[in-house]
There are 2 protein chains.
Amino acid sequence: MKFEVIQKSGGSRARLGRLLTPHGVVETPCFMPVGTSATVKAIFPKDLEEEGIKLILANAYHLLFRPGISVIKEFGGLHQFMGWNGAILTDSGGFQVFSLSPFCKIFPEGVRFKSPVDGSFLMLTPESAIHAQMELGSDIVMSLDHCPPWPSKEKDLLEATRRTIQWAKRGKETWMQQQEKLFSKPSASYSLFGIIQGGTDERLRLYCSEELMKIGFDGYAIGGLSVGEPHEESLAVVKTVSSFLDEKAPKYVMGMGQPWQIVQMVDLGIDLFDCVLPTRLARHGSAYVEEGIIHIKNARFRKDGSPLDSRCSCYACRKFSRGYIHHLLKSKEILGIMLLSMHNLLFYNRLMKEIRSFLAHGQWVDFLARWKDKKVTK
Amino acid sequence: MKFEVIQKSGGSRARLGRLLTPHGVVETPCFMPVGTSATVKAIFPKDLEEEGIKLILANAYHLLFRPGISVIKEFGGLHQFMGWNGAILTDSGGFQVFSLSPFCKIFPEGVRFKSPVDGSFLMLTPESAIHAQMELGSDIVMSLDHCPPWPSKEKDLLEATRRTIQWAKRGKETWMQQQEKLFSKPSASYSLFGIIQGGTDERLRLYCSEELMKIGFDGYAIGGLSVGEPHEESLAVVKTVSSFLDEKAPKYVMGMGQPWQIVQMVDLGIDLFDCVLPTRLARHGSAYVEEGIIHIKNARFRKDGSPLDSRCSCYACRKFSRGYIHHLLKSKEILGIMLLSMHNLLFYNRLMKEIRSFLAHGQWVDFLARWKDKKVTK
């Protein structure tokens, strides 16, 4: 068993779990810091490890162009290349191809798009997406999906969903062949996850979920959310899909994750999360704190001698004041971004630790009530 | 005694020393990482401390405008503000006023210049320079100097030198009054250094040295070098001045310091150094290695699996390859700058450790010979 539910919460779908990977055991619910281009931006891997972060996300899409999958393979794989000893989940590139790539065109074999780095044309297929991620040495591989924009016409949504299912099937076949070749049986620790599409159409989402479960994956991801749709609609999709999915498999909502959204989704039974916000907001000078998000560049922090978050025990909060970080940001000093990135990632990490601790003590309902009372800044 | 010569090298002026500061003992010869705006760029103070770095430099000039001396004072001083537990030497601002400030004009009381931050006019006097640095809580305070450009007319050079001497005298008086006020006697650990000017005119340099020694300082700095003059001329100045200065006081050459220059100046009896190069070159993608300086963005490092410097045991060299750092720089990732900054600073730190170790074992001449044999990239 690669995934194990340790404890369920009464009166909620929230659960505590354990996910086995070739690079260690990951406790769930878990938030994955985003390391798009083989680096979680502006933080040393050792500082992530010190804080007990076990699993990060990287994007096969970005690594395709730079430095190239074959280069990383020559370096002994992504873990070795980026000096990361923990586990890595790689996204297949489906989302990025459809949202970031110019001149993207779909063919029966896959999707063709232009490299934003050198302008050359590349083809990503359900098969090549699996091969690429396996060459990276990814602990958790994602199947290639067709992520439609929001809003989309019903016809387009249906087509993208059908394609996602076909691609999932082809990806799974490739995965099985490769597992056979490498281990002469399915790996006991590497995982392949399927991605569920269907926009905000719950019927399509259920159809996709059902088909993906027939194919059979180690875990299921809900993709194509947080692309512009109202939060209530994304949450409705998560609720519907999560309650339909196999309870024995880990469930992952992709790319969505303000702290309060994560709390809501844990309550709906989601185990894995990723989001660029903690590091992106850091680069824009914002910090997550107990009350929400504060913009440290604001003049009111100039003489503020208190730490970013008085509840926080991260290095940035132990040793530095809001006023100092304000000064660094005003002076365009990299250290300002470094400190905010560290704090924001550890804010998320602490949130997940708290969530797991409340779940472990059978007090999820109390935790949830506490969060609902809070005034949370979106 | 704030400074003690522990061991002299036979056949050279090189010496091993110990400098007492309110924030610990500093072994000399010592290189100070530059922390201009209250941050050594792109590195956590904890990572400097872990590597045994005891003394850094900050610039009172930059802190005058941003965040302002009074703001730092409110935070409990510069050490507290920037989370640095080691010692700090602050430059007075003389060099920056004359080299960086627009609309700089000299008056009998001091020098007036325009703030590059908000365009307001500020006045820096020999007295206010001392006050400002003492308010910062600087361990080693520098007197205000008039740093002339290179080349300068003889008349201008003489005038700048005379002014530097007058200002040094006024600064010393302020220092003594403040010491009296604060400690009711001269401090046993805070230091005031005088700065010797005189361009490349050795006669003027000696005149300035003599006058400054009459005033009496805890240490003597050679300023106004590395401003465009040929390296041989700077070295000649260092040689002349160093052999003339009081052997019992620490000697500091300001702002000059490629590794091979430092080795040469240690040989001439210099104890303290600072230079922006290790951090600046890091931001430009260059690394100090055994053979000189390498430009990691260069395509030849794309698939290079070796560490930046195989002799180095810093985190960047222990965990990452040139190829990975090449990738980070190409992807404009902050982590690339962080790793290079760490490596370059530790390269300097290791050089200084080696220098001290050879001095301690009475093997300076061997060390020097080894360096002279090396092909060093400027």
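Including glycine, each Cβ sits where the backbone N, Cα and C put it.
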(request) Figure out which of A:Asp145, A:Asp304, A:Asp309, A:Asp366 sits with A:Asp91, A:Ser92, A:Gly93, A:Gly94, A:Phe95, A:Gln197, A:Gly224 in the substrate site per Swiss-Prot. (result) A:Asp145
(message) Suppose a student reads Swiss-Prot and sees A:Cys312, A:Cys314, A:Cys317 listed for Zn(2+). Which of A:His295, A:His326, A:His327, A:His343 should they find annotated at that same site?
(response) A:His343
(message) Tell me which of A:14-18, A:209-213, A:279-283, A:289-293 corresponds to the region 'RNA binding' entry in Swiss-Prot.
(response) A:279-283
(request) Compare the Cα of A:Gly224 (substrate binding site) against each of the recorded positions A:Asp274, A:Cys312, A:Cys314, A:His343 and report the nearest. (result) A:Asp274
(message) Around the substrate site formed by A:Asp91, A:Ser92, A:Gly93, A:Gly94, A:Phe95, A:Asp145, A:Gln197, A:Gly224, list the extra residues of the same chain whose Cβ is within 8 Å of the site's Cβ centroid.
(response) A:Gln96, A:Val97, A:Phe98, A:Met142, A:Leu144, A:His146, A:Cys147, A:Ile195, A:Gly223, A:Met254
(request) Return one of helix, strand or coil for A:Asp91 (substrate binding site), based on DSSP. (result) strand
(message) Other than A:Cys312, A:Cys314, A:Cys317, A:His343 themselves, what residues in this chain have Cβ atoms within 8 Å of the centroid of the Zn(2+) site's Cβ atoms?
(response) A:Pro307, A:Leu308, A:Asp309, A:Ser313, A:Tyr315, A:Ala316, A:Arg318, A:Met342, A:Leu346, A:Phe347
(message) Considering each pair of residues in A:Asp91, A:Ser92, A:Gly93, A:Gly94, A:Phe95, A:Asp145, A:Gln197, A:Gly224, all listed as binding substrate, report the largest CA to CA distance in Å, no decimals.
(response) 14
(message) Excluding near sequence neighbours, so keeping only residues 6 or more apart in the same chain, what lies with its CB under 8 A of A:His343 (Zn(2+) binding site)?
(response) A:Ala282, A:Ala287, A:Tyr288, A:Leu308, A:Asp309, A:Cys312, A:Cys314, A:Ala316, A:Cys317
(message) I'd like the Cβ neighbour count for A:Cys317 (Zn(2+) binding site), meaning other Cβ atoms within 10 Å of its Cβ, all protein chains included.
(response) 23
(request) Would you mind splitting the region 'RNA binding' (A:279-283) into helix, strand and coil residue counts from DSSP? (result) 5 helix, 0 strand, 0 coil
(request) Specify the secondary structure state of A:Cys317 (Zn(2+) binding site) as given by DSSP, simplified to three classes. (result) helix
(message) Within its own chain, what residues at least 6 apart in sequence put their Cβ under 8 Å from the Cβ of A:Asp91 (substrate binding site), listed in sequence order?
(response) A:Leu57, A:Ala58, A:Asn59, A:Ala60, A:Tyr61, A:Met142, A:Met254
